[in-house]
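As recorded in TrEMBL, the features of this protein are as follows:
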DOMAIN    321-437  domain '1,3-beta-glucan synthase component FKS1-like'
TRANSMEM  550-570  transmembrane segment
TRANSMEM  590-607  transmembrane segment
TRANSMEM  692-710  transmembrane segment
TRANSMEM  763-782  transmembrane segment
TRANSMEM  1547-1572  transmembrane segment
TRANSMEM  1621-1642  transmembrane segment
TRANSMEM  1716-1735  transmembrane segment
TRANSMEM  1786-1807  transmembrane segment
TRANSMEM  1819-1836  transmembrane segment
TRANSMEM  1856-1876  transmembrane segment
TRANSMEM  1883-1904  transmembrane segment
TRANSMEM  1924-1945  transmembrane segment
Amino acid sequence: MSHEIVPVDPIDVPSTSYSRPILGPRDDSPIGQFTRSLTFREHVSSEPFDSERLPATLASEIQRFLRIANLVESEEPRIAYLCRFHAFEIAHHMDRNSTGRGDEEFTVRRRKEKSDVRELKRVYHAYKEYIIRHGASFNLDNSQREKLINARRIASVLYEVLKTVTSGAGPQAITDRESIRAKSEFYVPYNILPLDKGGVHQAIMHLPEIKAAVAIVRNTRGLPPPEEFQRHQPFLDLFEFLQYAFGFQNGNVANQREHMILLLSNTIIRQPQKQSSAPKSGDEAVDALMKKFFKNYTNWCKFLGRKNNIRLPYVKQEALQYKTLYIGLYLLIWGEASNLRFMPECLCYIFHHMAYELHGVLTSAVSMITGEKVAPAYGGGHEYFLANVVTPIYRIVEKEAEKNKNGTADHSMWRNYDDLNEFFWSLECFEIGWPMRPEHDFFCVESLDTSKPGRWRGMLRFRKQTKKTDEEMEDDEELGVLSEEQTKPTSRWLGKTNFVETRSFWQIFRSFDRMWSFFVLSLQALIIMACHDVGSPLQMFNANIFEDVMSIFITSAILKLIKGILDIIFKWKARNTMPINEKKKQMVKLGFAAMWTIILPVLYSHSRRKYMCYFTDYKTWLGEWCFSPYMVAVTIYMTGSAIELVLFFVPAISKYIETSNHRIFKTLSWWGQPRLYVGRGMQETQVSQFKYTFFWILVLLTKFFFSYAFEIKPLIEPTRLIMKVGVRNYEWHEIFPEVKSNAAAIVAVWAPIMVVYFMDTQIWYSVYCTIFGGLYGVLHHLGEIRTLGMLRGRFHTLPSAFNASLIPHSVKDEKRRKQRGFFPFNLGTGLYMSFIKTRLLFSQGSDGQKNSMAKFVLVWNQVINSFRTEDLISNKELDLMTMPMSSEVLSGIIRWPIFLLANKFSTALSIAKDFVEKDEVLYRRIRKDEYMYYAVKECYESLKYILQILVVGDLEKKIISGIINEIEESIRQSSLLEEFKMTELPALHEKCIELVQLLVEGSDEQLQVEKSEELHGKLVKALQDIFELVTNDMMVHGDRVLDLLQSREGSGEDTGIFMRVIEPQLFESYGEWRCIHFPLPDSASLSEQIQRFLLLLTVKDSAMDIPENLDARRRLSFFATSLFMDMPDAPKVRNMMSFSVLTPHYQEDINFSTKELHSTTSSVSIIFYMQKIFPDEWKNFLERMGCENLDALKKEGKEEELRNWASFRGQTLSRTVRGMMYCREALKLQAFLDMADDEDILEGYKDVERSNRPLAAQLDALADMKFTYVVSCQMFGAQKSAGDPHAQDILDLMIKYPSLRVAYVEEREEIVLDVPKKVYYSILVKAVNGFDQEIYRVKLPGPPNIGEGKPENQNHAIVFTRGEALQTIDMNQDHYLEEAFKMRNLLQEFLRNRGRRPPTILGLREHIFTGSVSSLAWFMSYQETSFVTIGQRLLANPLRVRFHYGHPDVFDRIFHITRGGISKSSRTINLSEDVFAGYNTTLRRGCITYNEYLQVGKGRDVGLNQISKFEAKVANGNSEQTISRDIYRLGQRFDFFRMLSCYFTTIGFYVSSLISVIGIYIYLYGQLYLVLSGLQKTLILEAKVKNIKSLETALASQSFIQLGLLTGLPMVMEIGLEKGFLIAFQDFILMQLQLAAFFFTFSLGTKTHYFGRTILHGGAKYRPTGRKVVVFHANFSENYRLYSRSHFIKGFELMILLVVYELFKHTSQSNMAYSFITFSVWFMSFTWLCAPFLFNPSGFTWEIIVGDWRDWNRWIKEQGGIGIQQDKSWQSWWNDEQAHLRGSGVGARCLEIILSLRFFVYQYGLVYHLDITQSNTNIIVYALSWVVILATFFTVKAVDLGRQLFSTRKHLVFRFFKVFIFVSILTVIITLSNICHLSVKDLLVSCLAFLPTGWGLILIAQAVRPKIEGTSLWEFTQVLARAYDYGMGVVLFAPMAILAWLPIISAFQTRFLFNEAFNRRLQIQPILAGKKKNR
């Protein structure tokens, strides 16, 4: 392999004769080409290379030299040449196969010194001096900071080059480049903490808590001498010691060093004051971290009965060092563990042994066996830990994952992450030893013979050997000492561990057997009660009834026997790792279950025969109870359940028994669940338990009452009638004519009822969820401020609520609150919260209150400014919504935003103008409206203030002062109405507006002199008019003011008449003296006040509707509402918990490119779409840019701003990053408010940040310490190497947001032993001066993506996150500044106990921002909103079963990194990776809460196809959850009622949906049986059984799910809470008019199809939806491919069933009853067939229909083959559609065949109803029907053969052949009609009979494909399947084509699809027209 670097074309760069540091990046660097060889051309100038497009192999080694060369090129060309030459030498050294190196091949640039060494030294020292001079300064602006960073980078690189040159050019100098680079002290890349010498002057390093943490980590006193580890210098810190001791990587050590310091510092600062006053000790902080980090490890040791290896000395200082070392060791293990991080107990095993070795090294312990010092087994060398510990286990994970075969292999054939991890839950894990024995069974991946004896004897011996003292165990197992027999290689594959994921619907019963048993037993009891006609529950205690009801225990025993059999069957493949005691227990359980199954029925039958007891026979109380042997046996049988019931009421005891490792409790709990490490001690408090128990008791009571009264009891009498009727004449050939009691008819009637019985609990759960969720929302102030009117009305309370919620309280306030706190802490979540907060605020001192008002004003203005930056509001709205910040705020004077005061002043003038009563009445009337009073007062004060500045003449000042005194005096004396004529107020109002407008116009700095003079004259005139109006027209005593003017004239009499004539008038200038100061002084505050005064005077009613943007209104309303909700008190930023945000990214859009914005290939351009969908925001954007239209933007070169504007409205990464970086902005502002004094607050946050550099640096330091954002851009390295524009977009994001970090995986080839080998690195980068700078590089054991992609992507980047909390954000999410202010409150939730334990996951509310245009997006938005609000609200409290449903939950980071991470990643089974994090957390005794006071934006798919793919993916994920170990353990370990909550809120919803659809099939096929067999006719005529009410109830219950009411009810409740119930009702009606029922019914089909199919056959996979920003038309063939099997086939089947039922039902049956019962089925079949076309934009446009028909025909006829995609050929699609069957087992295939047999029922029943049969019911009739089918098949085959033989060359022959066949068929039909009375009806019925049969045969052929593939039978199956698909396509297409002829249909479709857009007056028609045009 060779590498060639091809430089760019030479560009002349002038050389200068002077030398100075180059401190700024160059923007004109040309872009060159770079390929993978290293040869140097002759006479190549040292010109700029494209340093960014380098192969991954070379980038990390030479990129910094090439960048510096480009940077210094213009000033120091020779230096640039030397840097490049050095880079080429390194590249050549890395690849010896390169050719042509040497400096003689370069053009030698003119140097300024005599030698290269002197040249390098000169430039190096110049930069070094610059660094020394400026390095310690805080007062650096951004440009100076960039220069300093550049200087450090250049000096660091020059140092390396200089050392290499001075030490010789040999290979050794290149080889030692790492050590040379390490000695360079000028620039060491860092993430947050600059821990090198050059970073000591940075602000973050001066924080006391950072200093204390650094001191702890650098305390190396007492460590073993470095010479023991081949190091010649003292250890710098504890992490370096651990690195040399155990062989960790440099990048890992550097990463975890910073990680540890930040964790320590954040923990130290939160310690109580008395401890944190001496931060250098840090004992409490380290202890807190020890407790968090090693809680799982110590529990693991206790579980296995092992003593943990964390051993501490008694000396306090030494103990602190040991603790730090143990934490550091765990972090280093975790940081390098790669995929092993998903296996937490595996990490515990590794840590257990390494901690033992660490203690031995620290104490210089001597091994009792070897007699030598204890030394690390894998210590010393570079990457030893990775190579010898991580890689061997990783290889096992990788090889096992390969056996998955991309999801097609059965789960039992390979071990996933859980299986491998759970091996470490048993003592057998210690057989692996340390050093690990590679021959151990754990490392075997091949499934070999597992039947060899002796293994378990070896394990038993091992267990006996482990019964030693602790010291013996340590010596044995820590050193891996095992007996010779144990170390003998066995080469056995262990198989599954503890659980086998088996595809079976029995898993649903097995996981929740208690629930199903309860429902079955309850059903039996209800049927018995109904048979006895029980009307009251008390009647059950009647002896006969009670005795019958007692039979349920026999059923219970049978169900337990089934459960025991299933346990053994499903655990069979895990037998190799199952303890022998567990095997014995399973067999004993099965034996007991079988025993009770025999004993109870025998005793019951015996009791009924011999023990008939009645209450009247006994006189004593005891005798009233009939004790029979059966009852005694039942009592014994129920003993275990009784004990469980007792423990249920005392959860604390139950928890203690489960978690205790004492031998007694282990023995007591042995009979119960298997003893596993997880799933123990999950009990809640008694209060929580009571709440969810009460909830479920209500649900179950309602369910059973309804089922008994409306389903079961009404069915008893019809059943008795059916049983009495004897059916003798069947209308078909009855196979079992001797069966008595019409059993089949009873089954047909009862089966739908039974199905609904097991489903309708989901309905009642939904009803009570709506009720309880709504009540909870009301109690928690949800929707308290819903509209703009409510916001204006409550705005005056916002400052107090803001202060109580978001401003940290002083110690005095806390004490005061505790004294006043009469209510418990958790009771604050109720109605008292706002009261307590308000009292708290107003109990503060006045200073604090005024200061908090200023803080509110500052934060409010920042929020409004963010709205303007996001273009949600215009400039005018910005002015109307901001609050002025001035010193008046500190004095308590509030100046409310203008939009609150809109029209208030005008209204006050109108009131006062004609007011005739007293002044007090006028005052009270104005004072009644607070905002009107403020408006009047502010206008008056503003006018006074402006006049005082404007008027400077002495006389004029006196006159103005006199007028003001008159006004104020009349106000004091309440004589204003008497002394002033208010009728002239409107005229005065107009004059004031004119005056202020002139002042605003005159404030323009570019005003010309002539214009200024003109305005001056107008201003004088306006002042004179006002003066005349006030004194002459308004003031009753205006003469008092005029006397002042006359006194002036009188004083001038001695100057003569001439002077009086020419003297100027009032306010006019004379000479150089001006009476008015115009233009006004240049003051920003004065200009702002004048502008505000003008708005107050002129703003009208329209301002009351601002902001006009709906999203801005929603955000403001929610922010205001949230301030009144219960949230923890805000700490100061410095004391808050630190957190990180992690966003995984693969290849999704980052920013829309310019080309994408304007492309119209598939639909309208994105920018055109955005303009029409967001017209107000587009207008605001143009206003902000100062452009009139799109063309003007392009002319001014603002394409980048245009890209950002469009990208921020799509589901792009840039939108997510912008939103999440608001957290940092909010933290900086809050830190500023914590530290700033009043003057700083008045000056403003932005101004202070610019002027006060030390303060700005401190704010940045705090923000860095508390917040980190990492985006895991998995493909960034590959994109960068390939020159992908996405890489530049990511770099632009890092440049825009300097604190953003990007993690990615680098794949590159390295030469290992002369063999190229792929090596993988996990890398973290940041932007430094326009380039990406590598910070950490951690080598991986192999490719990280061996499981599901997203969790693996998160896992590789999680090591680079920081803090104690971690928020997971997907890249389709958004955040808002106003919500970011509440993050520190949210993080305090981790310190609040929720029941027994503090939370470990904080759930957050989401707002779906994609529901504003199409109806589908609206439906999806509301559905999602109801789940993420009212649904999760109930799950968290009271049900206590909320899990992690994706984003944006916040994790307790330390809890989760020590317990397997934030998701699970096993291929296929963890498809829904997020929810498994919730399962894992709950099983490991975590607590998950839900908080509604903070919301995050979220995008969803907006088209039906995208929504369906998403629904399919979720359904696939739920089916995999159904067979997972997590669901099984939750179902088994929860108490009964919490188990019900778990079921109905997870897989139960999908199971119920599936059952509801199955119920329809059961009902229709049951009716089909009754109709075709003739039973229905007999029942109606003889038994008089006509309309069975229970069936109507059952179908109505099914409709509840079908029509989407399960989500509809919570949706209506949530909308009602947040928007008002009238709006909720209106929206619900509108949704129905927009065909919401169609959408939900169609979604039901998607869920049930993919859920059921995946459980049966597998095939779960991730389905990318694309997240398209434009709603586009999908062609017919695409819709058919997507919905053919999931909807169309089932829709046709239902329709055929209904048609057959309609044709042959008995005429005496009520048509109304038939219509009522079957309406929902007709609706479902119609929806499943038509919805994809109804919801397809432009689906009924004729031009598009024609194009779709062409595409369809081309697709259906195209032949498939290798490489032909399914969207190109029907054959390829048909083969892909059967992919789920390829990996399916024999059982699943047999079940598929059995289900396919239902299609033969049509043929069997209908052929006997043909007129041609003449009522003959002989079996020969059915046999002859198969002859007809075979003849049809042969005809089809003949036509196909004819096409193959003749269609190519002999067209005429083929046509004659087809004519011949047609004539033959027609002849046969005519003959049969004449001879055998074949009728037209027979032809129709024959089609209904034979078409389903053909489809059934196709399904059977697909199921047995492996047996018939390659035969002619399979070829014929393909031909037949193509014919069926073509026929179904034509039937579906024909109605569309007919409707497309009617223009009104297209218009109607557009209206209901985009009704929301029409209501917002958006321009949908141009979008659709654009689509049509572009097609």
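Residue numbers in this text run from 1 along the chain shown.
Including glycine, each Cβ sits where the backbone N, Cα and C put it.
Remote same-chain partners of the transmembrane segment (1924-1945), defined as residues 6 or more beyond its termini with a Cβ less than 8 Å from a stretch Cβ, comprise 1676, 1680, 1684, 1688-1689, 1692, 1729-1730, 1733, 1739-1742, 1745, 1748-1749, 1752, 1756, 1770, 1774, 1894-1895, 1898. Taken through DSSP, the domain '1,3-beta-glucan synthase component FKS1-like' (321-437) splits into 78 helix, 2 strand, 37 coil.
Long-range contacts of the transmembrane segment (1716-1735) within the same chain: residues 1415-1416, 1504-1505, 1560, 1564, 1591-1592, 1595-1596, 1598-1599, 1602-1603, 1635, 1637-1639, 1641-1642, 1644-1645, 1674, 1679, 1682-1683, 1687-1688, 1690-1692, 1694-1695, 1697-1698, 1701, 1932, 1935-1936, 1949, 1953, each at least 6 residues beyond the stretch ends and with a Cβ under 8 Å from a Cβ of the stretch. Contacts between the transmembrane segment (1547-1572) and the transmembrane segment (692-710): absent, as fewer than 3 C-beta pairs lie under 8 angstroms at sequence separation of six or more. Here the transmembrane segment (1786-1807) sits apart from the transmembrane segment (1621-1642); fewer than 3 CB pairs are under 8 Å, leaving out pairs fewer than 6 apart in sequence. For the transmembrane segment (692-710), the residues of the chain that approach it from at least six positions outside its boundaries are 522, 526, 529-530, 684, 757, 760-761, 764-765, 767-768, 772, 1438-1440, 1537-1538, 1540-1541, 1589-1590, 1593, judged by C-beta separation under 8 angstroms. Looking just at the domain '1,3-beta-glucan synthase component FKS1-like' (321-437), the mean pLDDT is 91.
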